[in-house]
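What TrEMBL says about this protein:
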- 282-295: compositional bias 'Pro residues' (COMPBIAS)
- 296-318: compositional bias 'Low complexity' (COMPBIAS)
- 36-131: domain 'Cytochrome oxidase subunit II transmembrane region profile' (DOMAIN)
- 132-274: domain 'Cytochrome oxidase subunit II copper A binding' (DOMAIN)
- 277-318: region 'Disordered' (REGION)
- 1-29: signal peptide (SIGNAL)
- 58-82: transmembrane segment (TRANSMEM)
- 103-121: transmembrane segment (TRANSMEM)
Ligand SMILES: [Cu+2]
């Protein structure tokens, strides 16, 4: 009885998987709203940017070429096994070389490789082409959060694991899909970006190597202290796109998720204006700092300022 139930459960799983396959096949024809992975999803997602679509297309082309090769090779093998079986009086071949066959099985793979590498290379070059971007976001990795700066806009903030996920993970409670649908995948401040806009990212880190990865954007980029890496994205559909740090960066590596919220251009401008307005009062209280304090000796002043800057960087205002 147990075994029967188990079998039935397995069957149900398979049936669900197959129906999901059908659903995702339909979804591929009409791009889906969410790019979160679904249970029993077998293929990679298409993503929501030019680059993610490039990656998907290159992947599908390679996949179908592999399928074609597999079919041809296994069909030839099956035919040989069946047609030249011992009971039909087949005898072992005596030749060791066949120049024609060797030329054919060298040229065909070479053509296939060239056929795959040509589009792959153009796509790779496109990945690094950040020209004509309309805005730039600086991403800085910290142990263990991200800092986002909208360059030239005076808007910046940090983004870290939402407090509820953090509480649950440290409480020993068992998270459930119902109670915590985005357990460890939510942040306090999401990165808001406009759709249909070429956004350039400059990516670095302040302490150790991190990696900024949102699968729906189609790439991940290392965040390395002392180095500024570049990437770009043109998100085509409004939505919430999640990612994570993809470089082992310490004990809380698994707890520095990324959430990108893509909104229509007008809504983004409103959001940006609101952020600027919220930041605006900040300079006023800062004014007293300009009041000249008893001037210390010049030799001391420089290191003190440098230290203050470093601290300000290391502990960004949440
Ligand atoms: Cu990290």
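Glycine is no exception: its Cβ is also placed from the backbone N, Cα and C atoms.
Away from its own ends, the transmembrane segment (58-82) comes close to residues 44, 112, 115-116, 119-120, 123 of its chain (Cβ-Cβ under 8 Å, at least six residues beyond either end). Residues of the domain 'Cytochrome oxidase subunit II copper A binding' (132-274) grouped by DSSP class, helix first, strand second and coil last, total 25 helix, 62 strand, 56 coil.
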